[in-house]
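Report on the structure given below.
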Amino acid sequence: MRGTRLMGLLLALAGLLQLGLSLKIAAFNIRTFGETKMSNATLASYIVRIVRRYDIVLIQEVRDSHLVAVGKLLDYLNQDDPNTYHYVVSEPLGRNSYKERYLFLFRPNKVSVLDTYQYDDGCESCGNDSFSREPAVVKFSSHSTKVKEFAIVALHSAPSDAVAEINSLYDVYLDVQQKWHLNDVMLMGDFNADCSYVTSSQWSSIRLRTSSTFQWLIPDSADTTATSTNCAYDRIVVAGSLLQSSVVPGSAAPFDFQAAYGLSNEMALAISDHYPVEVTLT
């Protein structure tokens, strides 16, 4: 009996050690994330609960001109320790008066930010830019995983231009390679990569999909929406042998927070109409 208990304890400790050495990453489109949402204590508590699952999380649809909502979120996340989460945030992005930011939240005890940049996609006023919201790129150093340095490219595509924007992510990858001499890159976000925005016949024209360089971790069969639709809008794509070999098999999936927390449809949709998509690295 004592030996059985000891074995159980050792297995539990091994599991905790493995958890400590792994890295959990997600992309989460929080619909209209701003002061109104973060002023609702119930919604804020669920958002905080979801974010705390991750070591790095990309939040999209940040509608927060003065970063008041971002500040509130960080206050909640760091209420016990001011260094639990740090952040990187983009400038407001968009071709017209409607603007969004990309927000990266990360645990500094697990990763460090080495560099950041905003992808230059051409002349917006000339009408020859590639993206409605130019991808934000962050280079991370991981303290524990097989891949020690990797970049994350964030994209929330414009639904009407999803095919062209996803295709243009191929050029963003080449730009990251050239700028940082880095092959290990994760491209993620709400690509609007399914249903009427990207049809099955259009995939053959998307280089990010046809090139063998890239692995698509969230399949077309996934449902990343909290609505009645069944669409794999949100994706995680990885390139580079070290990063690809660091992915825990079967770990990439949407996180259905409605089912996990027993929420009503109304409450789930109040949080967001998208589920986070997540993956674990070791």
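Even glycines carry a Cβ here, placed using N, Cα and C.
It should be emphasised that the depicted structure is a prediction, and the values quoted were computed from it without experimental measurement.
Residues or ranges marked as active site in Swiss-Prot: Glu100, His156. Residues or ranges marked as disulfide bond in Swiss-Prot (evidence: experimental evidence): Cys123-Cys126, Cys195-Cys231. If you look up Swiss-Prot, you'll see Asn40 marked as N-linked glycosylation site. The signal peptide feature in Swiss-Prot is assigned to 1-22; the stated evidence is experimental evidence. Under the heading site 'Involved in actin-binding', Swiss-Prot lists Glu35, Val89, citing experimental evidence as support.
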Cys231 (disulfide bond): tally of other CB atoms within 10 A of its CB: 19
Inter-residue C-alpha distance, Cys231 (disulfide bond) and His156 (active site) (nearest angstrom): 15
Glu35, Asn40, His156, Cys195 filtered to the recorded positions whose C-alpha is within 10 Å of Glu100 (active site): His156
CB contacts for Glu100 (active site) [other CB atoms within 10 A, all chains]: 20
Candidates Val89, His156, Cys195 (recorded positions) - the one closest to Asn40 (N-linked glycosylation site) by CA: Val89
His156 (active site) and Val89 (site 'Involved in actin-binding'), Cα-Cα, nearest whole angstrom: 14
Distance [Cα-Cα, Å, rounded] between Glu35 (site 'Involved in actin-binding') and His156 (active site): 20
Cβ-Cβ distance under 8 Å to His156 (active site), same chain, at least six residues away: Asn29, Gln60, Glu61, Glu100, Tyr102, Arg133, Gly189, Asp190
DSSP state at Cys231 (disulfide bond), helix/strand/coil: coil
